[in-house]
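**Student:** Dumping what TrEMBL says about this protein:
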- 1-28: region 'Disordered' (REGION)
- 9-20: compositional bias 'Low complexity' (COMPBIAS)
- ARG95, GLY119, ASP202, LEU203, GLU227: S-adenosyl-L-methionine binding site (BINDING)
Amino acid sequence: MASPLGAFRSSSGGLRTTGGPRVSRKDRIVQSTDTDALSSKYSAYKKGYLADPYLEAIVSGFLVQEQQHYHGRGTHSAGQFVNKMPIINIGSCVRHLAVTRLVDLFLESTEKCQIISLGAGSDTRPFSLLAKYNKQTAASDNAADVKLIYHELDFAVTTTKKALTIFNSPLLSDVIYHASPRPQTPPGAEIHTPDYHLHAADLRTLNATTPLLPGMDPTLPTLVISECCLCYLQPDESDQVFSFLVTNFGHAGLGMILYEPIGGNDAFGQVMVENLATRGISLPTLQRFPTLQAEVHRLADRGMGVPRAADMMYIYERWISREEKQRISRLEFLDELEELRLLLSHYCVAWTVTPNSPAAWVDAYETQLPYQV
């Protein structure tokens, strides 16, 4: 899902996709936030802030489907894929670098493992990780032969677009179907291979008694990624998601990367909340967990180990090398330094790992990165 720093589009009523059910207006608005994440990342990519060899394929695939299946009224309109302001590009870049560093620490400190990405949308991360860690493995239809199993969960309307984009792209198909035959016909709303599972799932239906989704392995160390996803759920709904995760994956080692807005109780945050409300968007957890301390307590109270947290301004200053900051500063002229500081201080990353996780992972998450709380 997108972070609220991007622009949002309003919509009126539900939308019936070709051959699909009518989607509620509220759900459609939440689904449409993926457009902001994709268009913001694409802007940063085009300006040179970050590298992503799979992004062009995802953008073109989603836009083609927009025209063919959503009659030009869907969530991914070409008009949103324009250059963003420098502070938006920097925000997208810092978010990408922060989550990437945490994911890399997990993969470097575990053997066989799995990642579960909540509200994954158009994210390209699985392609780069599977290409890096699994694609060189000899072709096999056995999940035991790969290092990483990657799960993505999102609404069916989103996973259908992603599945067809993968099917139609030789670049993406080569990664996803490296260990199994590419299907002869489009896969529908889900994909299941030995190391990649695209699940059409409404997170609001998950709880402690929900059966495991196909391919999920409770015996593997598991990292959960939530980038501006749980913030769209009611607090009790997000608590049920935590219950599902802890119940099923807490025994073999469980960690989480949580990227969310904070600061909803100050003047800047209130303006953000009001602007989103005019577009029919609410972020229930922003009011419930408005500070770094609140996010840390949120994770700890739900059985997620000893969390750490930092806002994105702190991460920009402390996690990114001087050389990289100098490179970023040369890409575009930035005269809104105070606005950048305000913006980055209203987003945070919280990360955690349960004590029974692999020792190298626990050490990496608890000692190798500076944090504020």
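Using N, Cα and C of the backbone, Cβ positions are placed for all residues, glycine too.
TrEMBL does not curate its annotations; it predicts them automatically.
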**Student:** Counting Cβ neighbours within 10 Å across all chains shown, tell me which of the binding-site residues ASP202, GLU227 comes out on top.
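**Tutor:** Per the Cβ count within 10 Å, the most buried is GLU227.
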**Student:** Listed S-adenosyl-L-methionine-binding residues ARG95, GLY119, ASP202, LEU203, GLU227 - what's their greatest C-alpha to C-alpha distance in Å?
**Tutor:** 25
**Student:** With an 8 Å cut-off on Cβ-Cβ distance and a minimum sequence separation of at least 6, pull the same-chain contacts of LEU203 (S-adenosyl-L-methionine binding site), or say none.
**Tutor:** LEU118, GLY119, LEU153, CYS229, LEU230, LEU233, GLU237, VAL241
**Student:** Validating a neighbour-count step here. Other CB atoms within 10 A of the CB of GLY119 (S-adenosyl-L-methionine binding site): how many?
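**Tutor:** Taking all protein chains shown, GLY119 (S-adenosyl-L-methionine binding site) has 28 Cβ neighbours within 10 Å.
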**Student:** Once the DSSP letters are reduced so that anything not helix or strand counts as coil, what is GLY119 (S-adenosyl-L-methionine binding site)?
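**Tutor:** In the DSSP reduction, GLY119 (S-adenosyl-L-methionine binding site) maps to coil.
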